[in-house]
């Protein structure tokens, strides 16, 4: 592994070094991204729209598969072969790139004032002095459901957790549909669409998230145990063999009409629009009891920054400034329903399910995933631990109390405010 | 006319150096240098800005001393050992059996079998992983239906998703893929055994079984030993199948985490875990040491005791 890695980076360094000197003449930009699903939209809509304003800048969208993105990007940046524009993961992954001098400070960029502080917070230094990526979009968690199955079984959209459990029980008892489409083989769904989806209602969104960062609350507190207890209830309603079910399996299970409820990220809307031939809708994570305030995970997920080693910084800044306009926000939000623009421009979302998702911003309080800011900096890595324990709780191999205790113990090992 | 040169230059066997040069140069450039450089990197540590500074054995102390790191390192080492043992206990005996069957004197369609069994070895791991996930899938897989036909449907489980079965299942998939290699090597060794030996034994009254145990097996032992050490090296360098099927977090609960995936997570990082080239180099060096110890044990403990026969 090691041997191969070093020799290949050395070699690509040479090859691309040659290529770069040839490309300097005309302003051309390459975008590094993990969104390979969106390549068509970039090539057919976004880049042509940009070229109407700036015909002299040639833009190439060069995505890498999501799982390889961080590793590949780091290797390319170290070897000096990365593209001019870098798609930024939220928080520490990008902060690390900035600290290592791979991203430039965008504080003075034209159009940066179109974004709120909350939107920018995922791509700022801890003191908030430097902003190194231009926020693009957030994703919202919730549940997508098959409207036809709900009608057939005769159930309403559940508002509280008891209603939710009654609904899945009814589906299980009366039909052959899978009540909850989710698998634990890939682990991340358990944490992201499970824990981070339903959890904010228990830990009260931002309030709880900040309290853990400040050391005032612990991840083993009641709210977190209750989150895991709720997840543990799901396991009787997930499909046969869900332990070996992967993310694409889950998507197929739902789009084939074999499952009723799909714990979702709003990004799934695009896939479902093209694959499902039944009507589907969405509901926010049910609250523990009637009348409780609702919280949603409205996670700042994607941004764009400039490679500090780019020879085309001027062109790159022009591109980012254009991305801060309402024109981009409009194109992006509507060609990728489920990715919600973070800019302050008022954007009309056309897709009905995406509209449903974004409407929760008015009725519920928004928060982000609690493991993303600061808390995943140490060893053991909190995010990895959450994947692991959430999957184990759903597999029935770990109790909710143990799961909560394990995440807290891990955090207390290195995070001073929690020691 | 013969030129007579005297002195050191004239006596130096230049042709040997010339013949060795291509291999030595390429091997040094692409294997020895990167290996030494990654060992060097393992003695350094990086700060937030990415600048590295000498740290002595600090990384090794962390991996072997810190409870978190030690637990994941030992877990990966243990899983890797299981991975290797499954190969030794299944892949190599089955390879031997297949080779013995292939070398039966009156076998028809010999080359067809040989090709079919060897074929998976040449397929990409990604395809192997994908195909087996489909076969074993509890949703769309055919394994449940097949078990149903033979009345064993109650035995079906989501093997790839359970902590106690995932690693062995993955090992067996890898065995299925690579069983062609021991088979072909042992088969080639069996073909080299002169027929006079087996004929003489037959005349002396030995049956197939006797001939195999007392004549053929001793003669192919050196090959079996070589196959074993190749299996060892390949298994402790393994990474791709686990990564393709279970991802770099090697779930459930790290039950399929082997040295290769641990290295990948450490070196490249994973999701919110930032990669650390220096810690990664330390894991890589420890992998190298494990393999080195195994190979040395083989060279001095096994290979020297093997008796070779002139045929």
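Each position is counted from 1, following the chain as shown.
Heads up, the Cβ atoms here are built off N, Cα and C, so glycines get one too.
Database features (TrEMBL):
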type	residues	note
DOMAIN	B:77-300	domain 'ABC transmembrane type-1'
TRANSMEM	B:12-36	transmembrane segment
TRANSMEM	B:81-104	transmembrane segment
TRANSMEM	B:116-135	transmembrane segment
TRANSMEM	B:166-193	transmembrane segment
TRANSMEM	B:213-234	transmembrane segment
TRANSMEM	B:279-301	transmembrane segment
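The transmembrane segment (B:213-234) and the transmembrane segment (B:81-104) are in contact, since at least 3 Cβ pairs between them lie under 8 Å (pairs 6 or more apart in sequence). Sequence-distant contacts of the transmembrane segment (B:81-104), counting only residues of its own chain at least 6 positions beyond either end whose CB sits under 8 Å from a CB of the stretch, comprise 110, 113-114, 117, 167-168, 170-172, 174-175, 178-187, 190-191, 212, 216, 224, 227-228, 231-232, 235-236, 238, 258. Of the ranges B:12-36, B:116-135, B:279-301, the one with the most Cβ pairs under 8 Å to the transmembrane segment (B:166-193) is B:116-135. Outside the transmembrane segment (B:116-135) by six or more residues, the chain places 98, 141-143, 160, 173, 176-181, 183-184, 240-241, 244-245 with a CB less than 8 A from a CB of the stretch.
With a threshold of 8 Å between CB atoms, the same-chain residues lying at least 6 positions outside the transmembrane segment (B:279-301) that come near it are 35, 38-39, 41-42, 59-60, 62-63, 73, 77, 225, 228-229, 232-233, 236-237, 259-260, 262-263, 266-268.
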